[in-house]
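As structure tokens, the structure follows; a few thoughts come after it.
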Amino acid sequence: MAQLSLLVLSLFLTLISLPPPGASISSCNGPCRDLNDCDGQLICIEGKCNDDPEVGTHICRGTTPSPQPGGCKPSGTLTCRGKSHPTYDCSPPVTSSTPAKLTNNDFSEGGDGGGPSECDESYHSNNERIVALSTGWYNGGSRCGKMIRITASNGKSVSAKVVDKCDSRHGCDKEHAGQPPCRNNIVDGSNAVWSALGLDKNVGVVDITWSMA
């Protein structure tokens, strides 16, 4: 009987020494139910411990990096309106069929393009077939005035002139009309470019390929 009592007591002591369910502290990308489950300054976002965008921590940076097109990694981050955006100094390599995202830009004065086009310090009509390229593809202005060939997934293609940079380094200010920095794989086209490709600009972003014309 004494042995049974000792066994029960030993089992009881073992059980109370275990941490309660959910009390384990998770590090980057570990499971969580609330911020108390996460280590240090990490917070619980969609069931995983991650950096707090409002605090601006980068504890989890590089822990499980999302793959970037062409191996071009972010050079930093820019926080605007409480949301963190990656910045880039580079873009994927240009090929005879470079994958990209086509977005829509208003190149006229007062439009969402912000200031005048960088290539010629002028505003442009949206009836022109013109584009802005991500910082890496803009390449310090070396493609200014040059024509590129854009092909949509519907098979249609159009030639357009490079007149501006879609800034991947800066944003969220008056110069950029409050827009966040561009991703590193953007071809920002005028209304005329979208129309020539038979695309609805209200879609916002579509997959394309492009090359030098």
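Glycine is no exception: its Cβ is also placed from the backbone N, Cα and C atoms.
If you check Swiss-Prot, you get these features:
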SIGNAL    1-24  signal peptide
DISULFID  Cys28-Cys60  disulfide bond
DISULFID  Cys32-Cys44  disulfide bond
DISULFID  Cys38-Cys49  disulfide bond
MOD_RES   Pro65  4-hydroxyproline
MOD_RES   Pro67  4-hydroxyproline
DISULFID  Cys72-Cys90  disulfide bond
DISULFID  Cys80-Cys172  disulfide bond
REGION    91-121  region 'Disordered'
COMPBIAS  93-107  compositional bias 'Polar residues'
DISULFID  Cys119-Cys144  disulfide bond
DISULFID  Cys166-Cys182  disulfide bond
DSSP-derived helix, strand and coil totals, residue by residue, for the region 'Disordered' (91-121):
0 helix, 8 strand, 23 coil
Using C-alpha atoms only, work out the spacing between Cys182 (disulfide bond) and Cys90 (disulfide bond) and round it to an integer in Å.
11
Separation of alpha carbons, Cys32 (disulfide bond) and Cys72 (disulfide bond) (Å):
31
Where the distance is taken from Cα to Cα, which of the disulfide-bonded residues Cys32, Cys49, Cys90, Cys144, Cys166 turns out closest to Cys80 (disulfide bond)?
Cys166
When DSSP is mapped onto helix/strand/coil, what comes out for Cys38 (disulfide bond)?
strand
What's the CA-CA gap between Cys32 (disulfide bond) and Cys49 (disulfide bond) in angstrom, rounded?
6
So of all those disulfide-bonded residues, Cys28, Cys38, Cys119, Cys144, Cys166, which one's Cα sits nearest to Cys90 (disulfide bond)?
Cys166
Go through the disulfide-bonded residues Cys28, Cys44, Cys144 and tell me which ones have a CA within 10 A of the CA of Cys38 (disulfide bond).
Cys28, Cys44
Go through Cys32, Cys49, Cys80, Cys144, Cys182, the listed disulfide-bonded residues, and name the one with the sparsest Cβ surroundings, counting other Cβ atoms within 10 Å.
Cys80
Which one is it, among the disulfide-bonded residues Cys28, Cys44, Cys49, Cys144, that lies nearest to Cys166 (disulfide bond) by Cα separation?
Cys144
Which of the listed disulfide-bonded residues (Cys72, Cys166) has the least company, meaning the fewest other Cβ atoms within 10 Å of its Cβ?
Cys72
Can you count the other CB atoms that lie within 10 A of the CB of Cys38 (disulfide bond)?
23
